[in-house]
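Colleague: Encoded as structure tokens, here's the structure I'll be asking about.
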Amino acid sequence: MEQHINKAKVLIEAIPYIQSFRGKTVVVKYGGSAMVDSKIKEMMMQDIALFKLIGVNIVLVHGGGPFINKMLDRMSIEPKFIEGLRVTDSDTMEVVEMVLSGKINKEIVNDIQKLGLKATGISGKDGMTLRAEKLMKNGLDLGYVGSIVDVDTGLIDSLLDSGQIPVVAPVGRDSEGNTYNINADYAAVSIAAALKAQKLVFVTDVRGVMEDVENPDSLISLMSVAQAKDKIEEGIISGGMIPKVECCIDAVESGVETVHIIDGRVEHSMLLEIFTQDGIGTMFK
């Protein structure tokens with residue numbers, strides 16, 4: 001009985017959040033273990049479905065690094081990275097586009113549709129959604145790795161207006177038709193900013209920002225942009241968390257109201273973060 005009462009309390013707690021987000025836009029960057037573990041993947045799709053059913057406009061941007069690496073391995077192509085960015089020659093670009101736009105994107109769309117909702121998969125090339133240019137990293141040529149120079153939200157807007165969930169693969173193109181591999185985090189930030197989204201949620205394999213990585217109770221639940229910059233300067237935010245937090249900072253400074261880093265390995269992590277007072281991750285505003 002107590003378990004049922006607690007479930008009811010959670011629903012009651014969610015009411016004001018549900019009311020405030022109806023009709024608003026939330027961009028979700030979907031990656032990490034939540035894409036690999038079938039049980040977690042199912043729960044993530046259920047969370048997204050619930051958001052849609054209560055009237056939230058959901059846009060899903062996905063990565064796919066592990067799946068790309070697996071396919072490259074099958075084709076005997078060794079993956080190479082420079083400062084966390086995949087070096088992408090023409091052969092690798094073909095694999096990246098095939099896996100992101102062909103395999104992963106369509107699987108996500110299918111998973112959403114199995115829950116009775118409408119979803120359409122697109123890549124950033126469709127409708128020139130993500131116009132890109134070649135990215136040079138500290139003077140190094142990464143091949144077909146792109147940075148976003150413009151976002152055309154026309155196609156995404158039309159899908160949202162028709163009641164669908166756009167599922168976006170982070171592949172872009174330039175004005176000459178060259179195809180580029182785009183970091184999914186950067187793509188999510190750019191899309192959220194262009195849509196003037198109320199929220200951007202990064203589904204990751206970390207709990208959020210920790211004051212002390214050795215102390216599991218040191219999660220920082222709320223951070224301002226100024227505090228985040230200070231934590232980077234102080235070395236509290238370090239390593240692989242720096243680019244993730246910098247994306248959060250960029251999104252807030254670009255007009256996104258709040259940005260969240262959550263652990264996708266936690267069951268129903270999106271619901272717990274957004275529809276409860278304490279949340280489970282770190283929110284930036």
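Think of each number as a place in line: the chain as shown, counted from 1.
The backbone N, Cα and C atoms fix where each Cβ goes, and this holds for glycine too.
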Colleague: In TrEMBL, the residues Gly64, Gly65, Asn181 are said to bind substrate. Which of Arg22, Arg86, Arg207 is said to bind at that same site?
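Modeller: For substrate, TrEMBL names Gly64, Gly65, Asn181; of Arg22, Arg86, Arg207, the listed one is Arg86.
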Colleague: Sort out the residues at least 6 away from either end of the transmembrane segment (49-68), same chain, that have Cβ-Cβ distances under 8 Å to it, and list them.
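Modeller: Distal contacts: 18, 21-31, 35-36, 79, 86, 95-96, 99-100, 103-105, 108, 112, 115-117, 119, 156, 160, 165-170, 184-185, 187-188, 191-192, 195, 197, 270-271.
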Colleague: Taking the Cβ of each of the recorded positions and counting other Cβ atoms inside 10 Å, which one has the highest number: Lys29, Arg86, Lys244?
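Modeller: The residue with the densest Cβ neighbourhood is Lys29.
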Colleague: What is the set of residues, excluding Gly64, Gly65, Arg86, Asn181, whose C-beta falls within 8 angstroms of the centroid of the C-beta atoms at the substrate site?
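Modeller: Neighbours found: Gly63, Ile68, Val96, Val99, Leu100, Ala184.
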